[in-house]
Amino acid sequence: MIKYVFIVLYANDNGDGGTFALYSLISRYAKVSLIPNQQAEDAMVSNYGLDIVSAPMRRAQWMKKRLENSEVAKVAIFLLTILGTSMVISDGVLTPAISVLSAVSGLQQKAPQLKQGQIVLISVFILVVLFSVQRFGTDRVGYAFAPIILLWFLCIGGIGFYNLIRYDVGVLRAFYPKYIVDYFKRNGKDAWISLGGILLCFTGTEAMFADLGHFNVRAVQTSFSFVLFPAVSLAYIGQAAFLRKHPEHVLDTFYRSIPGPMFWPTFIIAVAAAIIASQAMISGAFSIIQQSQTLGCFPRVKVVHTSKLYEGQVYIPEVNFVLGLLCVIITLAFQTTTDIGHAYGICVTSVMIITTILMVIVMLLIWRVSIWLIIPFCLAYGFVEFVYLSAVLYKFTEGGYLPIVIATVMVVMMGVWHYVHVKKYWYELEHIVTNESMRQLIQTHGVKRIPGVGFLYTELVQGISPIFPHLIEKIPFVHSVLMFVSIKHLPIPHVEVSERFLFRNVESKTSRMFRCVARYGYSDKLEGAKEFAASLIEGLQSHIEEGHFITDMQIQETEAQTASTGDGDARPRKAGSSTVYVEEVLTAGETTVLTQPRLSSYSAHSSGRISEEQTRTIAEEKQFIQRELQKGVIYILGETEIKAGPDSSFVKKIVVNYMYSFLRKNFRQGEKAFAIPRQQVLKVGMVYEI
């Protein structure tokens, strides 16, 4: 409770929680991302919200440099993040199974003729229904969640208080710390093993942090402190008092300790609460996978936003099917909650340990807390969590292997995808097409312009992808208006629409070729092709208008920044109150325009009044773009086939040529991911040897 509710919750990333939120928070303060696509303009996004990591705090500066200069540290942080993510997804498989099965097992108290196999089948039926209704969205059933959960806590708290008074108030003496010492002295190894069962008493806090995006910190702290914690504590204290009089019922204490008239209401509420707990973990798994996908750590899947009112409520059909199938298989295979509990414990403790490690980095790098506070946090929680992990690992062969198998598959899949994703980005970066190369390319091949607007999608935020010269060499025709579009996901949950687009001219202002970086947070929804094109054209027209307001003074300022930073050098530059890393430096011939009112007013005021000729030119350019837009839009996608180079190692060839290729062929392709109409897609095939 102290660790998560009063410490970790404050390490949220603009309201989002979980291991990926911690990773994105760290990557904003230090250059730990494996993909070098950071730009100075990113720091102007209002949600970025950094403080400068500066010289007065030598420890933070030292930590920052160590992380940025160590590839091992970058890879280690990334692996910890995807391991924690994989464990939470495993949690999403195990929580429905153990919650529903344990709740339904109460039927045997009133119907002892029911066999365990029948209890399992009833549980499977509930699970199938639960996963079937996911497509309707959380908000459709969410209105019933709060009253049911409140009833659940009042119910178990009230029953616990009743049992405490009725059976043995003396169990309150167990709060005296001496008894835990006596317990370990008396039981030795068995006491250590029993920690694996005790662990289940405080699971859920790691899931609460992962689901933070649906609530604010104060709401969680209030409800946890004044409702959840007292109710759960009373429930366990009451069960302990019951067991003092009825130790033979240790295997089914909860339902045995319910007073007779309260059994059926409690049973119904218990099943409903189990379904809600399962729903929370399933929704959390969807959100985490969406975050992983947008940050290039997961293959493309279909993400459906189920609510128009609330952000973050998503449904992923493929993932829902796999989670549901695994959940049913586990329930049928294990039959009881005992072995599932062993597996569940490994998930929980693994995520807790990873959170502790990432929190130490946050404390050192971002919060800059005194080292005398960090050391006790690390030692206390690290020690306790490793002790609990060792206890549940003792039951590895009795179900504990399950989350490790699931997490291993997930880590391998995410690791392979991200590894090739990074290699592909570096390949394009090394074969970048500059403005000068563009001029030579167009002149050499006698490129002709054809009617319409072309959007060429690329992951590069610097320069032009090698896909373009490959296209020109085969077909020397381009559209009258050509836009090189990069979809870039910043390590923040949301980017305001007014701050979404960054434009640059390509080759020259008269070429009508542009580059656009469309920036999204990892929780933002990608629009459909039609809406995206409309927003892009609107932003382009603003860019054309702003381009005529660039003054000599602004160009000189850009040149001075270029000279001080150095071409292509990724050195830190401060923008606003943030420290970012410039991967691309603008030259005097290029312009950068954010579609923000504040920059528009700045440009207009700095350049004074514009002439009638400029006004006419702007109007003509806008009209030309509108005419070409009406003639049609074509979406050009690079269909790159990634191959390991001939000199690559055997392992690399297996990873790239087979594992990545398998993932790519069995997940969604680009036009489906961007919701582009098939009849408007032009694919350009090219082989990258990495």
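Just so you know, glycine gets a Cβ as well, placed from its N, Cα and C.
Note that the structure is a prediction, hence the values are computed from the model and not measured.
The domain 'K+ potassium transporter integral membrane' annotation in TrEMBL covers 1-437.
Marked as domain 'K+ potassium transporter C-terminal' by TrEMBL: 451-690.
Residues or ranges marked as transmembrane segment in TrEMBL: 114-133 (among others). Long-range Cβ contacts of the transmembrane segment (114-133) within its own chain (Cβ-Cβ under 8 Å, at least 6 residues beyond either end) map to 96-97, 100-101, 104-105, 107-108, 141, 271, 275, 278-279, 282, 320-321, 323-324, 327-328, 331-332, 335-336.
Annotation source TrEMBL lists transmembrane segment at 145-165 (among others).
The feature transmembrane segment is assigned by TrEMBL to 191-212 (among others).
TrEMBL lists 224-242 (among others) with the feature transmembrane segment.
Annotation source TrEMBL lists transmembrane segment at 262-282 (among others). Among residues of the same chain six or more beyond the transmembrane segment (262-282), those with a C-beta under 8 A of the stretch's C-beta atoms are 91-92, 95-96, 99-100, 102-104, 106-107, 109-110, 126-127, 130-131, 134, 138, 141, 145, 148-149, 151-152, 155-156, 159, 204, 207, 211, 255, 320, 323.
Long-range Cβ contacts of the transmembrane segment (319-337) within its own chain (Cβ-Cβ under 8 Å, at least 6 residues beyond either end) map to 89, 92-94, 96-98, 100-102, 105, 116-117, 120, 123-124, 127-128, 130-132, 134-135, 282, 285-286, 289, 301, 399, 402, 406. Residues annotated as transmembrane segment in TrEMBL: 319-337 (among others).
Annotation comment: TrEMBL describes 343-366 (among others) as transmembrane segment.
Taken from TrEMBL, the feature transmembrane segment applies to 373-394 (among others). Cβ atoms under 8 Å from those of the transmembrane segment (373-394) belong to residues 3, 7, 192-196, 199, 342, 345-346, 349-350, 352-353, 356, 359-360, 363-364, 400 of the same chain, restricted to positions at least 6 beyond its ends.
Listed by sequence, the residues of this chain that lie at least six past the ends of the transmembrane segment (400-420) yet keep a Cβ under 8 A from its Cβ atoms are 34, 78-79, 82-83, 85-87, 89-91, 93-94, 292, 296-299, 326, 330, 340, 342-347, 350, 392-394, 642, 655-656, 659-660, 663, 690. Taken from TrEMBL, the feature transmembrane segment covers 400-420 (among others).
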Tertiary contacts of the transmembrane segment (145-165), as residues 6+ beyond its ends and Cβ separation under 8 Å: 171-172, 227-228, 230-239, 241-242, 257-259, 262, 265-266, 269-270, 272-273, 276, 279
Across the whole of the domain 'K+ potassium transporter C-terminal' (451-690), what does the mean pLDDT come to? Round it, please. 72
